[in-house]
Amino acid sequence: MTTATTEETKNVPQDVKEPVKDGADAVAETNNKQAENNDKKPAVAEKDDKVAAPAAPVEPPQPKFSVKKQNFDKDVVYLYQFSRTPVIPSMSPYCLKVETWLRLAGLKYENVDHKMKHRSKKGQLPFIELNGEEIADSTLIIKELSQKFGKDIDAALSQDQRNISHAMISMIENKLVWVITWWKTKTPENVIKGYKVNLQHALGTWVPNGVLNFLFKHSYSRKGLKKVKAQGIGVHKPEEILEFGQNDLKVLSDVLGDKLYFFGNEPSTLDVVAFANLAQLYFLDKDVECQLRDYLVDNFGNLVEHTNRIKERCFPDWEEMCKNLDLNSHLPKPPPVEEKPKEDGDKKAAENKTTEKEAKESSDEKGDGKKEGEKEPEDK
């Protein structure tokens with residue numbers, strides 16, 4: 001039995017035999033492996049050091065803003081207002097007030113062409129978005145921007161002048177503006193004619209202007225008359241309402257006097273508010289009947305001059321923006337892009353034409369000899 005086993009062992013190929021190790025060899029091998037492991041430890045430590053090294057700072061995730069324009073530029077004011085008209089940048093005194101102030105303060109702003117679809121969370125126009133935050137109401141917009149950018153155009157006013165400014169602005173925005181609003185809602189057809197409103201363009205719709213004008217007259221008049229009655233002025237007789245407006249114009253004219261602006265040689269917030277409301281009357285189309293506009297032009301030349309003065313100072317592009325209904329005529333336009341594909345096509349067509357011409361000339365050279373008996377064509 002033992003012999004057979006020995007013989008089998010002899011017949012096993014040498015490369016498959018498991019070497020027999022005595023105890024000393026086993027201990028030596030164990031020590032060698034341990035030494036090898038010890039030699040590898042510095043490399044592992046070095047690797048651990050690399051892992052433990054401080055990683056590059058990871059940028060925090062961008063916050064999600066609850067604004068309509070997500071891809072905004074920092075410190076750029078995005079203004080949401082009504083569309084342009086051919087006679088005035090905005091037929092809303094509050095929208096015109098904010099844009100006039102932005103230009104006077106020299107802030108970077110951009111009008112958002114939203115086709116009058118959006119309103120602020122308060123349900124108002126105008127409103128702005130700045131650095132992912134919405135600010136509504138024209139007075140609050142000017143206040144917030146003044147503080148953020150240090151653009152207080154009333155900084156040079158004394159306390160007495162500030163008090164007068166506050167009282168005059170309250171008179172304009174709580175009385176005169178409602179007289180003008182009453183006129184607009186009483187005769188909505190004069191709003192469309194007087195400001196030459198193109199509702200199809202303003203709303204960005206395919207619905208015919210005839211249909212839009214009808215709907216505008218119905219809804220604007222109905223809602224507007226409710227507002228002026230709720231405010232209180234709408235319950236009076238037309239001649240009484242007109243007298244309210246005339247008295248406000250006289251007060252404004254007396255305070256302005258012969259000065260360039262209400263408080264001297266530089267415009268203030270009162271100048272901005274007065275301009276935004278007087279412009280609603282003065283720039284109306286002359287063919288449209290408006291008694292308050294006529295009273296302004298006939299009796300208060302200093303207010304007319306003041307209105308034109310603010311227009312020229314803040315809106316040198318007035319004619320362009322009204323003609324083209326351009327919301328951002330104040331922004332530089334990108335250079336026209338060259339149509340390279342078209343040029344390449346023209347070049348290729350020219351090359352093909354040349355090739356065809358050369359081929360024709362070559363063909364004519366080969367066959368310019370006429371056949372016998374062939375006649376020249378006759379002129380007809």
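Backbone N, Cα and C define each Cβ position, glycine as well.
According to TrEMBL:
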COMPBIAS  7-24  compositional bias 'Basic and acidic residues'
COMPBIAS  36-51  compositional bias 'Basic and acidic residues'
COMPBIAS  336-380  compositional bias 'Basic and acidic residues'
DOMAIN    93-188  domain 'Thioredoxin-like fold'
DOMAIN    246-310  domain 'Metaxin glutathione S-transferase'
REGION    1-66  region 'Disordered'
REGION    326-380  region 'Disordered'
Quiz item: On the 0 to 100 scale, where does the mean pLDDT of the domain 'Thioredoxin-like fold' (93-188) fall?
Solution: 96
Quiz item: Under the DSSP assignment, what numbers of helix, strand and coil residues are found in the domain 'Thioredoxin-like fold' (93-188)?
Solution: 54 helix, 11 strand, 31 coil
